[in-house]
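According to Swiss-Prot, the features are:
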type	residues	note
SIGNAL	1-24	signal peptide
BINDING	Asp313, Phe482, Glu491	Ca(2+) 1 binding site
BINDING	Asp337, Asp339, Phe341, Glu343	Ca(2+) 2 binding site
ACT_SITE	His444	active site, proton donor
ACT_SITE	Cys477	active site, nucleophile
REGION	965-985	region 'Disordered'
BINDING	Ser987, Glu989, Ser1021, Gly1023, Asp1145, Glu1146	Ca(2+) 3 binding site
BINDING	Asp1000, Asp1002, Asp1004, His1006, Asn1042	Ca(2+) 4 binding site
Amino acid sequence: MRKLLLLIAASLLGVGLYAQNAKIKLDAPTTRTTCTNNSFKQFDASFSFNEVELTKVETKGGTFASVSIPGAFPTGEVGSPEVPAVRKLIAVPVGATPVVRVKSFTEQVYSLNQYGSEKLMPHQPSMSKSDDPEKVPFAYNAAAYARKGFVGQELTQVEMLGTMRGVRIAALTINPVQYDVVANQLKVRNNIEIEVSFQGADEVATQRLYDASFSPYFETAYKQLFNRDVYTDHGDLYNTPVRMLVVAGAKFKEALKPWLTWKAQKGFYLDVHYTDEAEVGTTNASIKAFIHKKYNDGLAASAAPVFLALVGDTDVISGEKGKKTKKVTDLYYSAVDGDYFPEMYTFRMSASSPEELTNIIDKVLMYEKATMPDKSYLEKALLIAGADSYWNPKIGQQTIKYAVQYYYNQDHGYTDVYSYPKAPYTGCYSHLNTGVGFANYTAHGSETSWADPSVTATQVKALTNKNKYFLAIGNCCVTAQFDYPQPCFGEVMTRVKEKGAYAYIGSSPNSYWGEDYYWSVGANAVFGVQPTFEGTSMGSYDATFLEDSYNTVNSIMWAGNLAATHAENIGNVTHIGAHYYWEAYHVLGDGSVMPYRAMPKTNTYTLPASLPQNQASYSIQASAGSYVAISKDGVLYGTGVANASGVATVNMTKQITENGNYDVVITRSNYLPVIKQIQAGEPSPYQPVSNLTATTQGQKVTLKWDAPSAKKAEGSREVKRIGDGLFVTIEPANDVRANEAKVVLAADNVWGDNTGYQFLLDADHNTFGSVIPATGPLFTGTASSNLYSANFEYLIPANADPVVTTQNIIVTGQGEVVIPGGVYDYCITNPEPASGKMWIAGDGGNQPARYDDFTFEAGKKYTFTMRRAGMGDGTDMEVEDDSPASYTYTVYRDGTKIKEGLTATTFEEDGVAAGNHEYCVEVKYTAGVSPKVCKDVTVEGSNEFAPVQNLTGSAVGQKVTLKWDAPNGTPNPNPNPNPGTTTLSESFENGIPASWKTIDADGDGHGWKPGNAPGIAGYNSNGCVYSESFGLGGIGVLTPDNYLITPALDLPNGGKLTFWVCAQDANYASEHYAVYASSTGNDASNFTNALLEETITAKGVRSPEAIRGRIQGTWRQKTVDLPAGTKYVAFRHFQSTDMFYIDLDEVEIKANGKRADFTETFESSTHGEAPAEWTTIDADGDGQGWLCLSSGQLDWLTAHGGTNVVASFSWNGMALNPDNYLISKDVTGATKVKYYYAVNDGFPGDHYAVMISKTGTNAGDFTVVFEETPNGINKGGARFGLSTEADGAKPQSVWIERTVDLPAGTKYVAFRHYNCSDLNYILLDDIQFTMGGSPTPTDYTYTVYRDGTKIKEGLTETTFEEDGVATGNHEYCVEVKYTAGVSPKKCVNVTINPTQFNPVKNLKAQPDGGDVVLKWEAPSAKKAEGSREVKRIGDGLFVTIEPANDVRANEAKVVLAADNVWGDNTGYQFLLDADHNTFGSVIPATGPLFTGTASSNLYSANFEYLIPANADPVVTTQNIIVTGQGEVVIPGGVYDYCITNPEPASGKMWIAGDGGNQPARYDDFTFEAGKKYTFTMRRAGMGDGTDMEVEDDSPASYTYTVYRDGTKIKEGLTETTYRDAGMSAQSHEYCVEVKYAAGVSPKVCVDYIPDGVADVTAQKPYTLTVVGKTITVTCQGEAMIYDMNGRRLAAGRNTVVYTAQGGYYAVMVVVDGKSYVEKLAVK
C-alpha cells in the first residue's frame, strides 16, 4: 500500500517540476459530487474539485496543454480550446420540465503561464477507427485563439434525451471552467451548489409508469442515474417476472423448441410469434409495428417484455438503415417511444438455417445449464488491445490495463488472464482453443475479422474449443454488420458448431476510438492517461461485475452505450453522439444469458419433499437474490426471488392441479444453476433419509446419510388391547434378529431410596399361580437361593438374585435381554429390605407387572418403564418393530437406479465419469417408498490422461522457446485425474471447530471469532471467522496479534492451501495478515517464516459497490504452497489498528503426493560446459569445476548410458586441489538418490561426498550424508580405451552403483569433489531420484518432440528452450508422461526465419537522479544485416562474407583452423607481415619457406603477428595448430602472409598448397577492419589448401533506436545504454529497436513506473534533517514538503522548515532546473 501511496504522491508532486505535466490545487479539499434531498419535486446537488491537471500534448498543429478534472470529460467546439465538463444522467418525472437554479459557487482565476503551460489544446472531433490519423486534418480555429476574455458555456445546462424503459432521461451538464486564450488564464468555478426542480411533475403517473415497466434486469441501467433513489425500491421480482417477446422466422419453429423449453424452465414468461402469422408479417414495417404494439399492450397491463429475441437472418427479419450510422440496425424494433433509447433488451440469434440456430442453442444450453465437463476455462480471459501506432498507446493499452487492474485478476477468481495490451501478440488466439470464458478485442476490424492481430471468420471456423464457449466483445469496426453479403465475423463466431462463442457484442458500422474507450471503462476517461474507477462513470467492465444485479450480455452492452451517452456534449457536435452508438452496437447470439465471472458459486438451497396441489404459492429456500421457477413440460407455473433471508415465495400464475414431476430451476448471477424435479401431491407418509452428504476423491464418490428420523413409516401407530383396561403401543424400531425379541427394563430411582427392580421371565410359562402369585409379594423373608435359576430362564439384570437386600437390581438406567420370540410368564419384582419382602410391582401403568402366558413377538422390542402411580408403582410398556427388514435403501445417479437393497447408511462408487452428477437415496418400506433425498456431486478431470494446456511456441533467431501450463486438474496414474487428497476443508458454518487453536498473543481478550456479528457474511455461505482491529459496542481501537491455527496435518510432501479473505469494511480495508507453516508445534513461537504476508488495501477492493458505499469488501481467493513436512498452518492478524475486521473463510488444504521419479542422464548437456539444469560452485576458485564430457569427443571415455557424463578433475595437465559442488534442482520429496561413478583405475583416490540442503543452494547450506574415497577399483580389470592426448593413457574404471537415503525435508542434493589432489578425475552418470509418497496427481513429467522426434524427456518445468534450430517450419509437441500412460500430444508450429532481424535482450529502465537510464544487451547474433555474400578475390578464388561481431571497429581478426589434416600430428603456422615487404624475398613465390635450419629470429625479424603466438622457425616444432584453432587480432590494413606446414621427415618448412579457395601465400592482401578471416586447412588431392571465410565483425553493423511512449527520441546509437534526462517522475513505455542495413528488428519494450520519484542517494545539492518531528530542508533553490496524498505542506527558497504529525512525507528540491525527490518517515 505504501508504494501505491508514493506513486500517487509522485504524480501530485508534479507542480512546476517538469514541462510534461502540472497540477493546480483548487479551493476544495476533495473532488466530490453529491445528490441530496431527492424527491419527485426536486433534488439538490453539489460539485467540488480539488485540482486541475495540465498535460503537455504534442500534435500535428504544435505543442499544447490538455486540461482535465477528475470525473470530467473534454468539451468544446471543434477547433476551439478544450475545457472539461461534468455530465450526469438524471431521471425526470412524467410531465416535468427540469429547471436548474445555481445557489452558490466560488470562482478563482489561474494563470497557466506560471505553470509553464502552453495554450489549451483545440478540441478535436471523434475519430473513426477506419480513419488514418495521418490523413485527418488537425482542427484549429484561429479566430477562437484570437478571442480575448473568458469564453465558455453556461455554468449549468440541462437537456431532455428521451425515455428509457419507463424512465424519462435528461442530461445535466456542469461547466466549471472558462478560458481566456489570449491571457492564457483559467477561470474555475468551484464548490457549486445547485437545485434542480421538476416543474409540472406528475408523481402518480411517474410512479405508475415506473411500476409498469420495472424489472430488476434493468438495475444496471438505473444505477447510472444521478438521482436514482427517487423511485421506490423494488426488492422482489415475482411481482415483475421476466418476460420475453420472441419473433422468429417460420422455418425455425422446430429448432427453437429446446431453447423455449429451457427459458420457460428458467422462469421466463414467453410470448412467441413467427413471421408466417398475419399479425407479424414479413416486412420490416409490419414486424416493427407488431413489436411496438406488444410492448405497449404489455406496459398497459404491467407486463411489458424485458427481452426481445429476434431469430433469423435479414432474409426473415431485415432490420433497417440507421438514421445516424447509415448501416443496418435493430434498434428501432425496441425503441418504442420515438427516441433512440430502447425499451427492451434486444438480441438477434442470427441464423440462415435451422441447423445454424441449433448450433447457437446447443452452446447456450450447455453454458446456462453449466453442463460443460470442465469449468476451469471460465477462470481464464483473453484481453487484446490491437495494433495502432497512434491510438494503441493512448487508448488501447489503457483499456486493457483498466480491465486487468480492477476486474480480470486473481482477486476476482481468474487464474489466467491472457493480456495483450500491445505487440507482440504471438500466439494470442491459441487461448481461444484451449479455453477462455471471456474474450475482448479493441482496435481495428472488418466485416469478417479482428484485424491486427488478425483472426478471420475462416479461422474461427477452425477453432477447437468444444465445450468451452465464451462471450466475445469486439470494440472495432463493422464486425457485427449482419446484413453483409456473407456472414459477418460476429455471426460466424456464434453460428459455428461446437466452437466459438455463445454470444457476441459488436458494432454494425465503424466504431470510434473515444467512444469505444468510454464504452469500456466509462465516460470522463482522458486519452493517454490510465483511467481510474473513481474518475470515470460506469462502463461495460464495471457493469459486468456488479455483484447484486441481473447481469446479462445485453445489460453489458447497455452500460457501454450509456457511458457513451454520458460523454456527449450539449450544444457542441464534438463526439459522434449517443444516438450513433445505440444504433451501432448489437448482441448476436443469446443476450439474455448471465455470463459467469470466473468460477461461479454454488447455490445453497432446500427443496420441499413435494408440492401440494392448488396452492397459490410455495416457499423454497435458496441463496439470497436467486430467481426460482416452477414449470412442467415447458409451461411456466410460477416464479419468485429469494429474499435476504434466503426464502423465495414462488407466486403461482398457474396452480398445480395434478400429480406428477415438476421442474424447479434456481438461477442467480454468477451462481451455478439448480435444476431439479419435485413430485406434486400430498406429503409422503414414508420418511426419507436425512443429512445426506457426498464427497469425492478422484473419481470415487462416497455417500453417507442418517437413517429415517423415526421408524414409523411402515404403518400408522398401532394401539393394541392386551387386557382389561390395559393397552400396549406398537411402533417401528430395529435391533434384533428376526426370530428374537428384546425385553428392556428401565427405571429412574422410582422410590428415591435406591431400591430398584428385577425382571423374571419363565419360558415354560408354568410358574404363574405357583411361583408367581396372582397377588401379593413373590416371597417374604428368605427364599431358596435357587428360586430364580430353577424357575426363570431369563433375568434382568442377568445376575439378579432372590435376596431382598440385593444390589443386583435396576435402580436408575436400564437393562435388557434378548429372548426367543414366544409365550412367557413374567413378573417384575421390587425388593424392599425394610419389610423383608420381595414385592411384585403394582399395576398402575399401562401393563401388568405380572403376567400369565404373555406373547413376546419375534422382531419386537418391549420396553417396560417403571414409574410411581399414586401410592404404588406401575409399568408402562412400549413395543417397537425390531425387524431388520423393515426397510432398505435405493441409490440413484442422474435418475438411474444403481444400487438397491442396501441396509448400511453409506455407499461408494468408483470410476465415475467427470462432470456434474445428481445422487439420490430413497427408503423402500414394505408398504411404499419415501421421497428421494438428493445431492449434487462434481467429479473433476476427465477419463483420459490429461494433456498440457495453453502450449505456445516462439522463436528469436534460431532459439525456440516453448511454454505451457500444467494439465487441467491434477491427473494421476489411475489413469483418471485426481484433484488430490483433501487433508482439511473448513467453511466455519458451525463456528471454529474445537480441533483448531486460537492464540490471543496481544492479550486484549479479542481473538479470532466465528462470524455471527451483524453484517458479516461468508464467502459462499453464512459462516466465516473474523478478527478485529476495531471493536464495536464501546470496545474501540484494537492492536491485534491473533493466531488461528489448524489441527495437526500430515503433509510429508507439502501441499497447497487455498482460502478466501476480505476486509469487512471496504472503506477501512488495511488489515494486515500473514500465513505461516510449522513442522514442529502449534505455539506462536513455532511460526516464524511467513509464506504469505500482505495488507488488504482499499485499492484492492474492486467491487463497484464496495468503493462507492461502506459495505463488506470483496472476497479474494489466495493460494499458498506449503513446504514438505508441514504439521500446522497459522493465520495471523497483526500490524493493523483502527480498521475494522478481517474475514476468513473456505480454508482448504490438499496434500501433495509423490513427485515423479526422474533420472538425470546429462544427454542434453554440451561437452566442455557446465551441465544443463544443474548448479555448479567452484569453491576453490581455480576455474575448473564440474563439466560435461562426451564419449564422442574423448576416446578414453565410456558413459554408463548414452554418451555424456559429468566430471571433476584433481589433475588436468597439472595438480589441482578441487572443491567443486554439483547441485541438483529442487528435489523436494526425494527419499533416495542412486547414481553411478567412475575414476581413473590407476589413480582411484578422488574423494567425494553426497550432501543435502533443506534451504538454499549456497555451499554453506549443505551437510554431508555420505562420503567415500574410491580405492582399488577393478585393479587389473578392463580398460575402456586410451586417450590420444599428450599426457598419455587415462584408463577408466568400471561404473560403480551407489544408493544413498535422503533425510526428510531434503530440497537440494550436491555432489562435492574435495579433499584430494594430483590424482585424476571422478565421473558421475545416470543420477536417479526416488520421490516419496504414493502416486498422486503430480506424478508426471513432460516429453518434447520436434518434427516427430523425441528431443527431451523427464522435464518437470513448464518451459523448454532449444537453440541452433535449423531454418524452416517445425512442429513442436509436448506430451505428459504418467506412471500408467501418456497423454495426447499438444502441438504448435514454429518458424525459424533466416532473415529475421534479431532484437536487443534484457532491456531494463531504472531511475538515476531525475533521469531514466536504459540498459540492454546486444542482439544474440549479428547475422541480420543482410544475406550471405560471395566475393571474388582472384582467379578462381572466392571468399564468403557473412555477418558476425567480435572485434573493435579499426581491427580485424585472423583465425587459423585445422583438424589433423595429415593424420601425423603435423600442423600449421600463420605468419603476417604488416610492412608487406617480405613477399618475393622472405616469402618465396613458390617452394618451401626454408629447408634445414633457419635463423632463430626469422619470424620475429620479419613477421609482426603469428598464429600460434609462440610459433618458431623449427621444422620439428610443437608450436603449431594440429587440431583446433588459433587466432590473432590485427589492425586493419595491407599485409603479406603465408601459412606454413613444418615437416620433420623432409626437414622442410613447407608453405601450404593452393588447393582451397584462398592462396596460402599472398602479396599485399588487404585485411579489412571490422572483418573476421577464418583460414581453414584441408586436404586437397595429394596436397593441401586453404579455405578462407570472411565475416563482418564490425560493431557498427547496426545501430539502436529508442522510443518513449511511441515517439522516437534517439536513433543512431551504438552503445547499449541511453539516458533520458528529466523523465524519472512519470510513468513511460520505453522501446528499443535494432536498425540493420537491410531492415529493423522488432521493438523490445519495458514499462518504467517510478517508485514515488527516484531517490537521490549521492551528491545531493541539498541537506535534509529530521529532529524529532521537525523536517528542515536547506538548498540553493526551491524546496517543497508534501504528504503522501500529494498535499503541499510547506514551500520556500533556500530553507524550509515544517513540523510533522508523524507518517510518511516527500521532500522535493529544485536546483538549477533539476529536480530531486526524497521519501522519509517521521515517527
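Each residue, glycine too, has its Cβ placed from N, Cα and C.
Note that this is a predicted model, so its numbers are computed, not measured.
Structural mapping of features recorded in Swiss-Prot.
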{"residue": "Asp313", "record": "Ca(2+) 1 binding site", "DSSP (3 states)": "coil"}
{"residue": "Glu343", "record": "Ca(2+) 2 binding site", "DSSP (3 states)": "coil"}
{"residue": "Cys477", "record": "active site, nucleophile", "DSSP (3 states)": "coil"}
{"residue": "Phe482", "record": "Ca(2+) 1 binding site", "DSSP (3 states)": "coil"}
{"residue": "Glu491", "record": "Ca(2+) 1 binding site", "DSSP (3 states)": "helix"}
{"residue": "Asp1002", "record": "Ca(2+) 4 binding site", "DSSP (3 states)": "coil"}
{"residue": "Asn1042", "record": "Ca(2+) 4 binding site", "DSSP (3 states)": "strand"}
{"residue": "Asp1145", "record": "Ca(2+) 3 binding site", "DSSP (3 states)": "strand"}
Just to be sure I understand the packing, how many Cβ atoms besides its own are within 10 Å of the Cβ of Glu343 (Ca(2+) 2 binding site)?
25
Which chain neighbours of the Ca(2+) 1 site, leaving out Asp313, Phe482, Glu491, have a Cβ atom within 8 Å of the mean position of the site's Cβ atoms?
Thr314, Arg348, Ser350, Ala351, Ser352, Asp483, Tyr484, Pro487, Cys488, Gly490, Leu588
Give me the CA-CA distance between Phe482 (Ca(2+) 1 binding site) and Asp337 (Ca(2+) 2 binding site), in Å, as a whole number.
25
Which of Phe341, His444, Asp1000, Glu1146 (the recorded positions) has the most other Cβ atoms within 10 Å?
Phe341
Rank aside, I only need the closest one: which of the binding-site residues Asp1000, Asp1004, Gly1023 has its C-alpha nearest to that of Glu491 (Ca(2+) 1 binding site)?
Gly1023
Please list residues from the chain of the residue listed as 'active site, nucleophile' whose Cβ is under 8 angstroms from its Cβ, counting only those at least six apart in sequence.
Ser128, Lys129, Ser130, His444, Gly445, Ser446, Ser507, Pro509, Asn510, Ser511
Same chain, not part of Asp1000, Asp1002, Asp1004, His1006, Asn1042: whose C-beta falls within 8 angstroms of the C-beta centre of the Ca(2+) 4 site? Give them in sequence order.
Ala1001, Gly1003, Gly1005, Gly1007, Ser1027, Leu1038, Pro1040, Asp1041
Subset of binding-site residues (Asp337, Asp339, Glu343, Asp1002, Asp1004, His1006) lying within 10 A of Ser987 (Ca(2+) 3 binding site), CA to CA, in sequence order:
none
Excluding Asp337, Asp339, Phe341, Glu343, which residues of the same chain place their Cβ within 8 Å of the centroid of the Cβ atoms of the recorded Ca(2+) 2 site?
Gly162, Thr163, Met164, Arg165, Ala335, Val336, Gly338, Tyr340, Pro342
Other Cβ atoms within 10 Å is the metric here; tell me which of the binding-site residues Asp313, Asp337, Asp339, Glu491, Asp1004 scores highest.
Glu491
Using a 10 Å radius around each Cβ and all protein chains in view, which of these binding-site residues has the most neighbours: Glu989, Asp1002, Asp1145?
Asp1145
Cβ neighbour count (within 10 Å, all chains shown) around Asn1042 (Ca(2+) 4 binding site):
27
Rounded Cα distance in angstrom between Asp1000 (Ca(2+) 4 binding site) and Phe341 (Ca(2+) 2 binding site) is 59
Rounded Cα distance in angstrom between Glu1146 (Ca(2+) 3 binding site) and Asn1042 (Ca(2+) 4 binding site) is 19
Same-chain residues at least 6 apart in sequence with Cβ under 8 Å of the Cβ of Gly1023 (Ca(2+) 3 binding site), in sequence order, are Ser987, Phe988, Glu989, Asn990, Gly991, Pro1010, Gly1011, Asp1145
Integer Å value for the Cα distance linking Glu343 (Ca(2+) 2 binding site) with Asp1002 (Ca(2+) 4 binding site) is 59
Between the Cα atoms of Asp313 (Ca(2+) 1 binding site) and Asn1042 (Ca(2+) 4 binding site), find the distance and write it as a whole number of Å.
63
Nearest of the binding-site residues (Asp1002, Asp1004, Asn1042) to Phe341 (Ca(2+) 2 binding site) - Cα to Cα:
Asn1042
So for Phe482 (Ca(2+) 1 binding site), how many other CB atoms are inside 10 Å of its CB?
23
Including all protein chains displayed, how many Cβ atoms other than that of Ser987 (Ca(2+) 3 binding site) lie within 10 Å of its Cβ?
17
Tell me the Cβ neighbour count for His1006 (Ca(2+) 4 binding site), meaning other Cβ atoms within 10 Å of its Cβ, over all protein chains shown.
16
